[in-house]
Each structure stands twice: as C-alpha cells, then as structure tokens.
C-alpha cells in the first residue's frame, strides 16, 4: 500500500491579525505545520506535497527537504489548492491523505486509523468526521437512510435540516489518488462562496456509484482548525494537557499540572518532581529524580539525575548529576556544571565550565571561565571578562579558594590550591599553593569618628 499526503498551507489567516502565515503560529513550541507534518509521518507517505502561497519562503523553510512544494498563487478554495498538487501526484497508484496545516491537534494514531479504515472498506474516498455539540460553521455530513455518506454541505449552503446535523467534516480526507485528480477536473465554483470546494468530489463519486465512507474521531478536540487567536489558545490548552498527561503516565509527578508549560520536544525521565509554574522549552531533558521547584524556567538544556533547581532560569546549559541551582540563579548559554556543583542564590554563570563539587553560593558572576573541582567561590565574586571590545577567560584551578568580594580581571589564571583574600582585585597570575592579596592595608585612626558630624557627641 502506497500512501501520499497533501498538506494545505497556502492561506494567509486574516483572522489571526498577524504578519506571520497562519500555519507558522506555534503551539507548545512547534509551528502548527510542524505538528501536522509529524502526525502525517505516521502513515509513512511515499511523497508529501505541501501547498504554499502567502509568504511561501517562510513556510517552505520550516519543512525544508522533508516535503515537495507547490505554489497556489490565488486562494480559490480547498479544491483549487489540491489541484495544485496534481503536477506532483497525477497518475500515481495509491491513497492520498489531504489535511489542513492549521489542525495541530490531529494525532498520528488517528491518521493511521483513517488510512486503515479507508483501505479495509475499499473506499474511493473516506472523510474524517467528528460529532460536534455546536456544529455551526462546519461542513455537515449528510447520510442516507442506510447510513452511507451522500454529500458534504458547507454551512452557507446548508438547508434548515442540514444545519441541524451534528456530524461535521474535519477537513481531512483520504482518496484514491488517481480518482481524486480525475474528479477535481469536474468540480465548479457554483456555490455561495464562489470557490472550488474539495467536498464536491464526494457527490461526483456518489454519482458514479463509487464508495464513500466516513471515519468518526473519538476525540472532537483533534478536529480543531485554528483560524484566530482564540482557537490558538484553545489548541495550546489541549496540547499542554496532553503533554503533561503523557509525562505523568511515564512516571513524572506534577504538583499543579494546570500551571506548568512544557513544550513538545522536552523529554523527562521517571521520578521527576515538578512543582507549579515551571516552564520547560525547546530540546530540554530532565534526568531521573530531579526536582524543579516553583517558578523554574529551563530552555534547551540537559539536566542530569538527582538535581534540584529552585526558582531559577537555565538556558542552553548542561548539568551533571547531583547539581543544585538556586534560588534565583541564572545559568546562561554555554554553561556546563559537573557533578555535585552548587550554584546558589543570585549567582549568574555564562559560557563557563565548572568542575565537580565546586560551590558558588551567593551573589556571584562567573563568565567565560574554566573553574576546577572543589573550588569555593566566595560571595560577591566577579569575573571581569569584558574590556569593552573583547571577552577574556578566567582559569581557576582545583581546590582554589576565592575570597568574598574578589574581583578577578581576565585574562587571569589562578593555580590549584591557591587563595585570594577577601576584597581583593586580582589581575595577575596566582601560582599553585599561593595566596594573593590585592587590597589596600587597613588604616585605623582611633577617636577620629568623634570629629565627624554624625557622631552623637556633636549634637550636644
């Protein structure tokens, strides 16, 4: 059995009120077009053809070499859009799935079931339908007394009886490929919209006594077509629920799943605990046994097993097992933390590698640095890595002790087991096993404070 797919992605999406093509609006981190294309892969199409139009280069860039593309210059209806794919698919034996690029909730399982139903029932066309509590705006499925599909009627063309029908057309179909393009040559624009309706091929097949079937979705949510921001928010809500439920089934605990945002490509191992208001985006992985507390935000990062991240932001970073971060820490892109590193409150790390069991507990900035293992970085330490034109590296050896409020002016190297005194400004190499003091000596003037205006003795 050879399958093909046509994805309709040419529309502008006027009701979105956006310069961005409709199918490129995102749901849970992926464009709607990407969601649809991932689901289409479930039927293993020999060839996928995407119909593009408005801002076609932007749309083409999303799928790149995963699909063939045809251009619809004028948007003259769904039938016209499918006609554009004729140059790619005409004359081929097999079954063709037609699906809109703005239906991000459709699942691969449903599309595979649709194809199987189509093949098993030897249909020339099979419509994916759903039962709607409020069918207004949808095309209605009209059946005869034997339950056979006889036509699909659009909302504007439906009579009073047809408008009461609850079974609706989702806009997804499977056709015998050859018969599809033969039938498209027979449709006209004689309807309320003045467009080529793809649905008109059903009547053509029926007139030729060819078999047309309908496969009813179990979950109405899958039928959602996104035409405005309200529907986009609905799709986001449904997708978020799906994602959190999937992770819960796989052994992840959510304390307040309604407040958590997890994008589609995030992976989470079992026995992770996620508190409320956590955001996980991009290609992030969370290792087993890790705890993410309230307010944590992680994007494109790998978090190892048994880590604890407390109300902190992590971007494009890698954390080994047993790392603790936060509260209120910020790990910026290019950060790597080895096993059991501790990054404490109000610590910022950027473009740095920090060795195992090193601790930076408070109020510290570490940028463009290579920090060894078992280093203690005192509160208020700053790596001065930028001179206004270039960035420079700081290297700190194993078991070094960086005193509180140290200012480390790069380029700089501090050797193993070296120590910098609290309050020092260090700008030269500190050898192994050395102590560096870079501050003025304390001068104490006894009794001098009595001469100052604020002293209590001055107010008498």
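In case you wondered, yes, glycine gets a Cβ from its N, Cα and C as well.
Within 352, 404, 459, the residue that Swiss-Prot lists together with 379, 385, 386, 422, 439 for binding acetyl-CoA is 404. Cβ neighbour count for residue 77 (UDP-N-acetyl-alpha-D-glucosamine binding site) (all protein chains, 10 Å cutoff from its Cβ): 20. Annotated pair residue 22 (UDP-N-acetyl-alpha-D-glucosamine binding site) and residue 102 (Mg(2+) binding site), C-alpha to C-alpha distance, rounded: 7 Å.
Within the chain, the region 'Linker' (230-250) has long-range Cβ neighbours (under 8 A, six or more residues past its boundaries) at 16, 25, 27-28, 32, 35, 104-105, 221, 224, 257, 260-264, 266, 268, 270. When Cα-Cα distances from residue 77 (UDP-N-acetyl-alpha-D-glucosamine binding site) are compared across the recorded positions 362, 386, 422, the shortest belongs to 386.
Across the fold, the C-alpha of residue 404 (acetyl-CoA binding site) and the C-alpha of residue 362 (active site, proton acceptor) stand 9 Å from each other. For the region 'Pyrophosphorylase' (1-229), the predicted model reports an average pLDDT of 95.
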